[in-house]
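> Pasting the feature list from Swiss-Prot:
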type: SIGNAL; residues: 1-18; note: signal peptide
type: TOPO_DOM; residues: 19-137; note: topological domain 'Extracellular'
type: TRANSMEM; residues: 138-158; note: transmembrane segment
type: DOMAIN; residues: 190-480; note: domain 'Protein kinase'
type: BINDING; residues: LYS196, ALA197, ARG198, GLY199, ARG200, PHE201, GLY202, CYS203, VAL204, LYS217; note: ATP binding site
Amino acid sequence: MTAPWAALALLWGSLCVGSGRGEAETRECIYYNANWELERTNQSGLERCEGEQDKRLHCYASWRNSSGTIELVKKGCWLDDFNCYDRQECVATEENPQVYFCCCEGNFCNERFTHLPEAGGPEVTYEPPPTAPTLLTVLAYSLLPIGGLSLIVLLAFWMYRHRKPPYGHVDIHEDPGPPPPSPLVGLKPLQLLEIKARGRFGCVWKAQLMNDFVAVKIFPLQDKQSWQSEREIFSTPGMKHENLLQFIAAEKRGSNLEVELWLITAFHDKGSLTDYLKGNIITWNELCHVAETMSRGLSYLHEDVPWCRGEGHKPSIAHRDFKSKNVLLKSDLTAVLADFGLAVRFEPGKPPGDTHGQVGTRRYMAPEVLEGAINFQRNAFLRIDMYAMGLVLWELVSRCKAADGPVDEYMLPFEEEIGQHPSLEELQEVVVHKKMRPAIKDHWLKHPGLAQLCVTIEECWDHDAEARLSAGCVEERVSLIRRSVNGTTSDCLVSLVTSVTNVDLPPKESSI
């Protein structure tokens, strides 16, 4: 009876050793950085891996293969990636990426790396000069079959019960249509870092793509239509503009029931205009810069460009969910328009697609949207955007310290009148029937620039949609107001306080 129990104990001991090694074995990796001079690091050597207790550690390698010549890019430690679990060898499987990437578990396992395409293409291997086997190597290979098999079974059961893969394998072959080509799609690794926002259609992560930070908007499978719509807007010719969010890639990640739909875009650390105004009071010049670049972005989005920089025809596009949460800020407070999931294109001879009337964020809905009386024509949708722009401009003015008076805590439009979570009926009563708008404070009107800007705001949110300004007109006005105020001396400012008509604003005829 003792022999079977001894064998079982021996098996269990090797199992425990193998299990322990699976998560703790990777302590050091081969290090290499081709850009060591620019990044001011060592070129090569060994890297000691450090991470959180519940995270697994791996080694990775990335390289280029130009006509059979292997060019190393980077090697080093990599943190807790599901694709690296239980891989003793560093093997890349992508067909033809611009940069090959592989990861593995085990000390120095990235010393040797291999490209082995899943389709069965030729194997390309980089192998360092051979070294004589050591006793430790012989022992490791002797225990590897038993320990490895046991570890795989345990890990498979544990992962099934406790977690799903944090970063799935790229799977774009079932895509409903080809994403626009992007030079960064093939670059690896991409690692999710932290959730920055949650919205109607999913969450937005800050992620790292090689040496750059990017934003990853993750849609659940049930919101596939929104992901597809936003991807199609981004793929429209002429969508590259300094005041529109930069698109990088669209991908499917995972498989079967674990599929997630990713949109990868530029990352802006200051976040949305809403978040920035909550925590910051802005100056007059900052207000003008945000307002001018924001209106420039919306003006370009609305514009129909017959031949845009050789890319083809850029149609007029209505945003349909314009709000301060969907305006991002660059490091210099330049505004960038984002979230085109509800946007609609107006192409000659083609229907504009889904033009359901009551879409967007309820608080920012124009009167005609709230009462369901929309004219389903291009100009009607652009004017709806302009009503929302008036509300966002009001948010900017409400947090500006230029006027001689108190700056209140940040509040959303109509929050003072009907609270943070208004119903559709409450908004209809206030906006449509009572024709109320957010309050314009008396002390704002004593500042020459803010007073003129308030006139522009009122012409953006006019109850009569046809009387509203265009985005291009708002851009012109803000630029003119800024120059007129900044170009005056303090003596002139005193005289301007009593009259805000000293500067001729662009006429309403420049509206849509």
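Here the Cβ of each residue, glycine as well, is placed from N, Cα and C on the backbone.
Describe the structural context of these features.
Note on the topological domain 'Extracellular' (19-137): its mean pLDDT in the predicted model is 76.
DSSP gives VAL204 (ATP binding site) a strand state.
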> With Cβ-Cβ distance below 8 Å and at least 6 positions apart along the chain, what are the contacts of GLY202 (ATP binding site)? List them in sequence order.
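Expected: LYS217, ILE218, PHE219, PRO220, ASP223.
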> Least buried of the binding-site residues LYS196, ARG198, going by other Cβ atoms within 10 Å?
ARG198
